[in-house]
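Annotated in TrEMBL:
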TRANSMEM  6-27  transmembrane segment
TRANSMEM  36-59  transmembrane segment
TRANSMEM  71-88  transmembrane segment
TRANSMEM  100-117  transmembrane segment
DOMAIN    119-414  domain 'NADH:quinone oxidoreductase/Mrp antiporter transmembrane'
TRANSMEM  123-144  transmembrane segment
TRANSMEM  156-178  transmembrane segment
TRANSMEM  198-224  transmembrane segment
TRANSMEM  236-261  transmembrane segment
TRANSMEM  295-314  transmembrane segment
TRANSMEM  364-387  transmembrane segment
TRANSMEM  399-420  transmembrane segment
TRANSMEM  441-460  transmembrane segment
Amino acid sequence: MWSSLPSFVAVYPEILLVVVASIMALADRWVKLKDVFAWITIATSVIALIMVFAVEGAVFGNSYAADTYGLFFKMIFLLALIMVTLVSPGYNRMVGIHFGEYYALLMFAVTGMMLMASSKDLILLFLGLELMSLSVYVLAALLYSDLRSLEGAMKYFLLGAFSSAFLLLAITFLYGLTGTTYIDVIAKKVFYPGLADNTALLLSAALFVVAFGFKVALVPFHMWSPDAYEGAPTSVTAFMAVGPKAAGFAAMGRVFIEALYNARVDWVEYLIPLALVTMFVGAILAVVQTNIKRLLAYSSITHAGYAVLGIIAASREGMAATMLYLFLYLFMTIGAFSVVTLFRQKDFLGEEITDYQGLSKTHPWVALVMLIFLFSLVGIPPTAGFIGKFFVFKAAYEAGHHLLVIGAVLASAIAAYPYLRIVMLMYMKEPEKDLAVNVTPYVFAGLIISVVGVLILGVYPEPVINFARTCCAGLIP
């Protein structure tokens, strides 16, 4: 028995997260100082992050591979976990959800994401997706005394269940055609004469588009997103906006770029109209929002439209551009939500856009930090957001999707308005009230990481884009 242990080295990071999360969930009853759970989560995440760079190999009959593609996404998931954990203690204490199960659920969700990123078998990919989804559903409903939280979580759960059904149907059709659920074998069998144009394969690809469209909130599969983002605790919303979305794109890379690359003519045609509609609908609906969490929810939808351009390019450069975009998106999105958590008080939500009026005069450093994140979300140089858009637009253009890129640029122009409206309120209006700011050392550290990431990667993104190119080099057959 003991001789078989080395074969599990590849999944040591996931095992570490599951073991620590289970212990924290059980120990919550006896641990009085809840901040201990935040410290343990951060320490465990750092150790797991080091481990993912050190382990390699395949386990479970080659259904799980600790390859470089999975490594890149695991880096995103674990960084998101660290940064969200830094935001959580002060905010969670304020809203009454500061307990061990919260951090345990975050770690279980990240474990599911890591399984998705390293899956070489569609069954394992589905299991990882369900572990992630079930954990996030519970996290979204933690503010159960708030009807908005319950409503958003219920919509998320019901539509997520529908998307899981579509995913199982897609896997079933693909298994019926190829006789396997192994991604490497599927990639080879798609070469077989007549299979690439098989109606069942096209239907399977369409079902995959629908399933992943729900997970990354592409229009028209985005309906759960605004309500779930608004109702969930803001610390959870920050996590939802980055982790599950990146995991969805990791799965799309495995399925579309690795498994179904040779049928790309068809699934690309499915994704193009979805990307275009997603960018415009997200941008237009963000304009009319008055709640900043709903605004950032529609912003997240728009950014999903940008990120999918790299998948549509169906090339190594395109996949690398999407991976870079998701890495940069991590810093600006969690940073923006971190600022939102600063204003939460016992009797004050601090979620209305008008609450930011005159912020530069009452809390100039908070306004400056928010300005940096908003400029990055717009895509103004020299922030990370500009670099991310540049590479995904470039990849799509080089793949011949010129009109799609023109549409993306127009959508970006529309999407700039709601962000710049907040900037105008912060810097060009007089404050109507002096908001209290709840800054803890944890949040301060998280904001520093986010600001440094947005500014440094906006000027010097070469190491990350080169690393992304290396990581996805073996993805396309």
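Keep in mind that glycine also has a Cβ here, set from the backbone N, Cα and C atoms.
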- Message: Are there residues at least six beyond either end of the transmembrane segment (441-460) with Cβ under 8 Å to its Cβ atoms? List them, or say none.
- Response: 38, 83, 85-91, 327-328, 330-332, 334-335, 338-339, 341-342, 369, 372-373, 376, 381-387
- Query: Which residues of the same chain, at least 6 past either end of the transmembrane segment (100-117), have a Cβ under 8 Å from a Cβ in it?
  - Reply: 13-14, 17-18, 20-22, 24-25, 27-28, 31, 34, 37-38, 40-41, 44-45, 52, 64, 69-70, 73-74, 77-78, 80-81, 84-85, 88, 92, 124-125, 127-133, 135-136, 138-139, 142, 239, 243-244, 246-247, 250-251, 254
- Region pair the transmembrane segment (123-144) / the transmembrane segment (236-261), three or more CB pairs under 8 Å: yes
- Who are the long-range neighbours of the transmembrane segment (236-261) in its own chain, taking Cβ under 8 Å and residues 6 or more past its ends? 69-70, 73, 76-77, 80-81, 83-84, 87, 106, 109-110, 112-113, 116-117, 119-120, 122, 125, 128-129, 132-133, 136, 139-140, 142, 174, 183-184, 186-187, 190, 201, 205, 208, 212, 215-217, 228-230, 267, 293, 296-297, 300, 304, 307-308, 311, 314, 319, 322-323, 326, 329-330, 333-334, 337-338, 341, 472, 475-477
- Message: Give the nonlocal contacts of the transmembrane segment (71-88) in its own chain as ranges (CB under 8 Å, at least six residues past its ends).
- Response: 13, 38, 41-42, 45-46, 48-49, 52-53, 98, 102-103, 106-107, 110, 113-114, 117-118, 235, 238-239, 242-243, 246-247, 250, 323, 326-327, 330, 334, 337-338, 341, 442-443, 445-446, 449-450, 467-468, 471-472
- For the transmembrane segment (156-178), sequence-distant contacts whose Cβ falls under 8 Å of one of its Cβ atoms, 6 or more beyond its ends: 122-123, 126, 129-130, 133, 136-137, 140, 185-186, 189-190, 195, 198, 200-201, 203-205, 207-208, 210-215, 221, 223-224, 227-228, 259
